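> Structure provided below as structure tokens; questions to follow.
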Ligand code: NI
């Protein structure tokens, strides 16, 4: 499932983050990948665990906590501290798949990457290129979103970032271990939840809707691992 969630950060939040990011020091992005990724990755990142990354990462996590749609789509068990990257001057990231397991430095805890998220902090007119392309069973999907919007996609997918040929593409990115490991099950639960919300708005809580809501929760009980 790929899902675009608009307006996770307000314009003011984006502007404030950008002021701090634009004045920051970026390091080689290959510090956070394995051997295969290092061969195709060419970008810069905020140093993992740096005070600025921690501060901005906490803001991103707080914004996610206010997004019922992110919760419904990702069913997050835990999300690793958000990272921040910058592509400019032809920088790019070739086809790769995100590592299955990540160790969160602060806690020492392992996290299985089920859901990948890219939160855009540059508007599309600030740069040329830089499209995120995600490949799935239905083909290739190109993503370039307004600042403050995010895209959620399965961490199992092969994806890439096209060379940025003008300006700079600044994003936050992070991984979530979901309570529901399987992407198709998460997708079914999201659709069910969205249809329940829509029917409830139209009909109120009739007996059938209470029953269907019960089925949603019973499926989640069957499929979740915490
Ligand atoms: Ni990736």
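Each residue, glycine too, has its Cβ placed from N, Cα and C.
As the structure is a computational prediction, the values presented were derived from the model and not from experiment.
Residues annotated as domain 'Fe2OG dioxygenase' in TrEMBL: 78-178. The Fe cation binding site annotation in TrEMBL covers 96, 98, 159. Taken from TrEMBL, the feature 2-oxoglutarate binding site applies to 169.
Give me the local environment of each listed feature.
Mean model confidence of the domain 'Fe2OG dioxygenase' (78-178) amounts to 96 (pLDDT, 0 to 100 scale).
Note on residue 98 (Fe cation binding site): other Cβ atoms within 10 Å of its Cβ, all shown chains, come to 19. DSSP assigns residue 98 (Fe cation binding site) to coil in the three-state reduction, outside any helix or strand.
Long-range Cβ contacts of residue 169 (2-oxoglutarate binding site) within its own chain (separation 6+, distance under 8 Å): 86, 87, 88, 122, 126, 127, 129, 130, 161.
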> With DSSP helix as H/G/I and strand as E/B, how many residues of the domain 'Fe2OG dioxygenase' (78-178) fall in helix, strand and coil?
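The breakdown for the domain 'Fe2OG dioxygenase' (78-178) reads 3 helix, 62 strand, 36 coil.
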> Given a 10 Å Cβ-Cβ cut-off, pick out the one of the binding-site residues 96, 159 that has the most other Cβ atoms nearby.
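Highest number of other Cβ atoms within 10 Å: 159.
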> For Fe cation, what surrounds 96, 98, 159 with a Cβ no more than 8 Å from their Cβ centroid?
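Same chain, not in 96, 98, 159, Cβ within 8 Å: 37, 93, 95, 97, 116, 155, 157, 158, 160.
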